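Per TrEMBL, the features are:
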- 328-337: compositional bias 'Low complexity' (COMPBIAS)
- 338-347: compositional bias 'Polar residues' (COMPBIAS)
- 11-108: domain 'Cytochrome oxidase subunit II transmembrane region profile' (DOMAIN)
- 109-220: domain 'Cytochrome oxidase subunit II copper A binding' (DOMAIN)
- 226-320: domain 'Cytochrome c' (DOMAIN)
- 328-347: region 'Disordered' (REGION)
- 34-59: transmembrane segment (TRANSMEM)
- 80-102: transmembrane segment (TRANSMEM)
Amino acid sequence: MHISPVLWQFLVKWLNASALFPREASTIAPYADALYFFLLLITVVGLTLVGMLIFGFSIRYRKEKHPVAVQVEGSTLLEATWTIIPLALFLIVFVWGALLYFRIYNPPTNAMNIYVVGKQWMWKAEHPGGQHEINALHVPTGRPVQLTMISQDVFHSFSIPDFRVKREVIPGRYSTVWFQATTPGTYHIFCTQYCGTNHSAMIGEVTVLSPDDYDKWTQESTSGMSLAQNGERLFASMGCNACHSGSAAARGPNLAGVYGSKLQLASGSQVLVNDAYLRDAILNPSQHITAGYAPIMPTYQGQISEDGLIDLVEYIKAMQTNYRVQQTLTTSQSNQTAPTTPGTVKP
Ligand code: HEC
Ligand SMILES: [Cu+2]
């Protein structure tokens, strides 16, 4: 829907100034608000119409003028009118909402990915470059950012009202959300699903930086190890490379290039290997056996933290050739990775 830009800006400024309405700080925000204002508009029009009819009829058909009630039999025209107009309005809202939904839930393919782990009661953000943050998230303007989120305990819900972004964060399953920030500044992060005693303290701050400042921030706050590098270490220390050595004689399949591919399973079906599949393959290997291999991989349920799983997933994603794996085999060193304890950031 096209509202005049001047009217739109006036409306938004006025709402922001009255503190009734969050700021619009992402590319999707004006679109979400347009639908919201449309809903508000038809609600107000409907309310006014019904209110006026009640008022008018109660004067017109008052007791003095119509002492005896008259039964009115149906009018096809009237019934058709009050069926078709609301139906049309609801269909407009449905189609509009569906289009917006697909836009919000399908991240652009060039989106940069940041992991978010929710737990009672904090948000942890993990950048591919190895920057770890707690109850904070730094993102650049002008670039689509996808969040791959998971909970370590109960259901949470990740919300940035100023970006019009909100998505459930679920134990045992990755969910994603994306946005593109437009204006440098700081914005609230909330958990919008009651998740226990300190739910109200499960809040944080998104800091939106200009691309230059963001690059500066990335360099200054790196832990020196990318997620994939952490994953490489973990891969060695958990003994994954005993089977996934990448050599032809290995007992497990070569994991190089598996990410993003279609994997043939022993059951005959095919699966797309994405983050969720990799995580599941590590935790529940017996659920989907790769064709041509024996079901010998042990489950790692309860042995690797969500942070560790993210590291492994990032490592397998990054593993396009065997080169790194072979290197790991020869320099196999193990330290890593105790799950982060509350309040501390991994070094
Ligand atoms: C005892 C040998 C063994 C160990 C140890 C092992 N795996 Fe596996 N893995 C296999 C075999 C065999 C398969 C194929 C059959 C299946 O799907 O279970 C497999 C399948 C997989 C898959 C599915 C993708 C594919 O190409 O089939 C992933 C991902 C994976 N392993 C990751 C890991 C990680 C990460 C570790 C360490 C935490 C690990 N594996 C430890 C033997 C092993
Ligand atoms: Cu929560």
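Our numbering is plain: 1 for the first residue shown, then up by one each step along the chain.
Just so it is clear, glycine is given a Cβ too, placed from its N, Cα and C backbone atoms.
Note that TrEMBL annotation is computational and uncurated.
The model shown is predicted, which means the values in this text are computed figures rather than measured ones.
Sequence-distant neighbours of the transmembrane segment (80-102) (same chain, 6+ residues past either end, Cβ-Cβ under 8 Å): 1, 28, 31-32, 35, 38-39, 42.
When averaged over the domain 'Cytochrome c' (226-320), pLDDT in the model lands at 84. Taking DSSP states H, G and I as helix and E and B as strand, the domain 'Cytochrome oxidase subunit II copper A binding' (109-220) has 16 helix, 63 strand, 33 coil.
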